[in-house]
Amino acid sequence: MVLIRVLANLLILQLSYAQKSSELVFGGRPCNINEHRSLVVLFNSSGFLCGGTLINQDWVVTAAHCDSENFQLLFGVHSKKILNEDEQTRDPKEKFFCPNRKNDDEVDKDIMLIKLDSSVSNSTHIAPLSLPSSPPSVGSVCRIMGWGKTIPTKEIYPDVPHCANINILDHAVCRAAYSWRTVANTTLCAGILQGGKDTCHADSGGPLICNGQVQGIVSWGGHPCGQPREPGVYTKVLDYNDWVQSIIAGNTEATCPP
């Protein structure tokens, strides 16, 4: 059963996250407070919805299936219980989706570009991450991060984001794991073949970081997460670079790859 990684756990003054289909980083360790400066939280009155990535001071990229009404974006967060002095909150001014996205497939062209209502200032805990300049090769070690589940079968979410290293896998691995549905060419297959490390509930929309660039967006994967030979499927950001750059430049009629 495939899970789309988005969340809905309560915020209760502490914010609780979303799942791969909103999932959490399973098998990871608490991130260093300075290693997730580009990581963004999408949240509303119910709690954390998804992750996202700051790509410049005015724009965030996340998963299209993370779209929700009345959400805000939070920058510079580490602990749900202890505020960083440089945390910043913004509203979405505009949201952009691929115009050729299939309405009946929640994870088709699973990318959403968000223009902020005002610029975010770089600070100790806030900085953008570069878009990819070239694709990651099979075997590359990449970083995942988020406030998703740390135990796949239990509603347990961490106070600080967890991080883990996983590998880029051949697309054939994901196609074999999920033979009952299409694994698009515009995605990346990533995980650990033996299982044990994966994005999970509440991690949707967050980054797959390879060589210091946002190469992927958490989209979907196996359920429960972290199972052997059931890696995660990530939107391949490189394939959407032209669309992203066109939208940022003001060409709102730009289309995405088929």
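Including glycine, each Cβ sits where the backbone N, Cα and C put it.
All protein chains considered, the CB of His65 (active site, charge relay system) has 24 other CB atoms within 10 Å. The active site, charge relay system annotation in Swiss-Prot covers His65 (among others).
When secondary structure is read from DSSP and collapsed to three states, Asp110 (active site, charge relay system) falls in the coil class. Around Asp110 (active site, charge relay system), the same-chain residues six or more apart in sequence whose CB sits under 8 Å from its CB are Ala63, Ala64, His65, Ile217, Ser219, Trp220, Thr235, listed in sequence order. Per Swiss-Prot, active site, charge relay system is recorded for Asp110 (among others).
Counting every protein chain shown, 37 other Cβ atoms lie within 10 Å of the Cβ of Ser204 (active site, charge relay system). DSSP gives Ser204 (active site, charge relay system) a coil state; it is part of no helix or strand. Per Swiss-Prot, the feature active site, charge relay system maps to Ser204 (among others).
Packing around Cys163 (disulfide bond) is summarised by its Cβ count: 19 other Cβ atoms lie within 10 angstroms of its Cβ, all protein chains included. For Cys31-Cys163 (among others), the entry in Swiss-Prot reads disulfide bond.
Residues annotated as disulfide bond in Swiss-Prot: Cys50-Cys66 (among others).
Sequence annotations record features per position, and here Swiss-Prot assigns disulfide bond to Cys98-Cys256 (among others) based on sequence analysis. The C-beta environment of Cys98 (disulfide bond), restricted to residues of the same chain at least 6 apart in sequence and closer than 8 Å, consists of Ala64, Lys109, Ile111, Tyr240, Trp243, Thr255, Cys256.
In the shown protein chains, 23 other C-beta atoms lie within 10 A of the C-beta of Cys210 (disulfide bond). In the three-state DSSP scheme, Cys210 (disulfide bond) is classed as strand. As annotated by Swiss-Prot, disulfide bond applies to Cys142-Cys210 (among others), with the evidence given as sequence analysis.
Around the Cβ of Cys189 (disulfide bond), the number of neighbouring Cβ atoms within 10 Å comes to 25. Following the DSSP three-state reduction, the secondary structure of Cys189 (disulfide bond) is strand. The disulfide bond annotation in Swiss-Prot covers Cys174-Cys189 (among others) and rests on sequence analysis.
Here the Cβ of Cys225 (disulfide bond) has 32 other Cβ atoms within 10 Å, regardless of which shown protein chain they belong to. In the three-state DSSP assignment, the secondary structure recorded for Cys225 (disulfide bond) is coil. Per Swiss-Prot, the feature disulfide bond maps to Cys200-Cys225 (among others); the stated evidence is sequence analysis.
The domain 'Peptidase S1' annotation in Swiss-Prot covers 25-249 and rests on sequence analysis.
The N-linked glycosylation site annotation in Swiss-Prot covers Asn44 (among others). Counting every protein chain shown, the number of other Cβ atoms lying within 10 Å of the Cβ of Asn44 (N-linked glycosylation site) is 14. In three-state terms derived from DSSP, Asn44 (N-linked glycosylation site) belongs to an extended strand segment.
According to DSSP, Asn122 (N-linked glycosylation site) is assigned to coil rather than to any helix or strand. A sphere of 10 angstroms centred on the C-beta of Asn122 (N-linked glycosylation site) encloses 14 other C-beta atoms. According to Swiss-Prot, the N-linked glycosylation site annotation covers Asn122 (among others).
Within 10 Å of the Cβ of Asn185 (N-linked glycosylation site) there are 10 other Cβ atoms, across all protein chains. Under the heading N-linked glycosylation site, Swiss-Prot lists Asn185 (among others).
Residues or ranges marked as signal peptide by Swiss-Prot: 1-18.
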Kindly state the mean pLDDT of the domain 'Peptidase S1' (25-249) in the predicted structure.
95
These are the disulfide-bonded residues: Cys50, Cys66. Which one scores highest on other Cβ atoms within 10 Å?
Cys50
Going by C-alpha positions, which of the recorded positions (Cys50, Cys66, Asn185) is nearest Cys200 (disulfide bond)?
Cys50
Which recorded positions are spatial neighbours of Cys50 (disulfide bond) here, meaning Cα within 10 Å, out of Cys31, Asn122, Cys174, Ser204, Cys210, Cys225?
Ser204
Are there any residues in the same chain, six or more apart in sequence, whose C-beta is under 8 angstroms from the C-beta of Cys142 (disulfide bond), and if so which?
Pro136, Asn165, Ile166, Asn167, Ile168, Ala190, Leu208, Ile209, Cys210, Gln215, Gly216
